[in-house]
């Protein structure tokens, strides 16, 4: 039978020279048949209803998490200091810059205070806009100042409502991605319902509102939705250009709002690289995506005053290496099987070597060491030798950076999400392997070894069971596999995986291609059966989820709690009332972020850990929990201009972690001292000559009181004022 293949376009990205052509249903005169008027009307109606459902679900999710936040803290009824304390650890640090911009005499003065900041790190002036991703706080504060809403809405509510509003964008983006993949908005509805019912494992926005990931992930989801649309076939040039623009904007906003953007986009670039090598994506479109990643990151680099950590990122080195390797190997996807496999292996090795060389060269030129703690952590985590490095062990001992707990899968299975996900993942992985083998001409070699008559019969049989995988589905498959590996290895990153898991599972359950493949394997295929199953199974699943989890959601929304942390409130009130505005405070990173937010006092250290000098400074400050002499600790604290030091019993007598992972244990090992308590110690560790500082100082011995005077105490905190010796 004669068919007409897609026309090759010279300048477009749709039909690259090495991309397999696709056949379309056409009339004998070569024109693509247009939909009948009834079909167009039905499409418009379906898109309208699907769009309304998407927006409604997004808004409902936003209201849902906002209500949970209010019910959990009674946020509307507690004092301002309690609201600020509820922004724990680094969340409080980020919010403090929003508060600083709001309270500044003018926008210009607020920006000047961020660019020349001398209160975040004592005896140092740093550029906050360079060091941290806080442009979102700057933008929101300016927006709040210029909009006529001050009389109706407090600054804190404007901030948290914006974050809850972004959750609506997040859910809508997931909904649209699933809709694009499956072709039906029922898939998007199922994805959104799974996201909501698995909230514990898909988001933590309601209790960590200012975290950078809560700003960034909605834009990442929008970017994935736009990439999914870009990878569809038969896009018009105007559609393609608009989609590329949407991808660039989403990539830029994602990169601007999260310091770990480069690592997430590196995984995305690896997914594109794998699929491009296997000839499963249009090369021209992949090239555009590489360029968009680089340009988006470089634009953020400019806005962050040429942040060296961005310039030295592996993402830029990798993408540049791929583009260079492509220039060197122009005929990568041509030739016989062995020839092509050889080229592919050489291409992968070339890209890997170029990436390492370029990255090493950039870091050498820039003298970059900001991200070395990440690689030390990864080296120790994956068993490439034990380490006594304090920073690496600090990450290794945190539960959030450990392996994904097994109970995660039982929770995901209770909503049927994990069962469906595993089933769809298996099917599409098999399909992807078959398509990849076919693209690499392995089946051609197989056919050539069969006799003529048998070959014709076998080809007819194969055509009946031909396995295909659309480019957008192939990307979604590799994306979920790579981010799944990341989540399994690091629990904190599970939110990147579980949200896409909802999209991937719902797409598989509502996909005609998936059900067609299953029914053909069972010798049960007809188009009518495929359509019936495609809609009935998702509807049954939605009914099951609704009946099982709706009562629980209602109970959750009716459960009322209240914020209660009197010791921290008492500490913050005392600091504001009894210390000068210029006082410098030392203590744990987590607590000091709250001190800056609630009191505006100067800090010695803070939780934003992406700076080598700050990491070294933090290790020195933490000697207050080590076995050091009072003179040593006093000298260290005064070298950073410290006026007051805050000791926490929860750290000094920590029981949350096991022996070897308590903060005092990490400090002892780093200092070469034997750890407290029963258990083994490494043979070269020695007893310390001094007792633990945080314990001994409470005895008010002369050797301590000559340097430190206790000025505040409650059940949790002890504040000491440092003497100012000449």
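Cβ coordinates come from backbone N, Cα and C, glycine included.
TrEMBL does not curate its annotations; it predicts them automatically.
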Stretch carrying transmembrane segment according to TrEMBL (options 344-362, 363-381, 382-400): 344-362
Transmembrane segment per TrEMBL - which of 133-151, 152-170, 266-284, 494-512: 266-284
Chain residues outside the transmembrane segment (242-260) and at least six past its termini with a C-beta under 8 angstroms from it: 132-133, 135-136, 212-213, 215-216, 219-220, 222-223, 226-227, 229-230, 235, 288-289, 292-293, 295-297, 299-300, 303, 309, 610
Intrachain neighbours beyond the transmembrane segment (41-66), with Cβ under 8 angstroms and 6 or more residues off its ends: 35, 160-161, 164-165, 167-172, 175-176, 179, 185, 188-189, 192-193, 195-196, 199, 203, 205-206, 553, 557
Intrachain neighbours beyond the transmembrane segment (179-197), with Cβ under 8 angstroms and 6 or more residues off its ends: 46-47, 49-50, 53-54, 57-58, 61, 64, 171, 203, 225, 228-229, 232, 415, 417, 472-473, 476, 499, 502-503, 505-507, 509-512, 534-535, 538-539, 541-542, 545-546, 549, 553
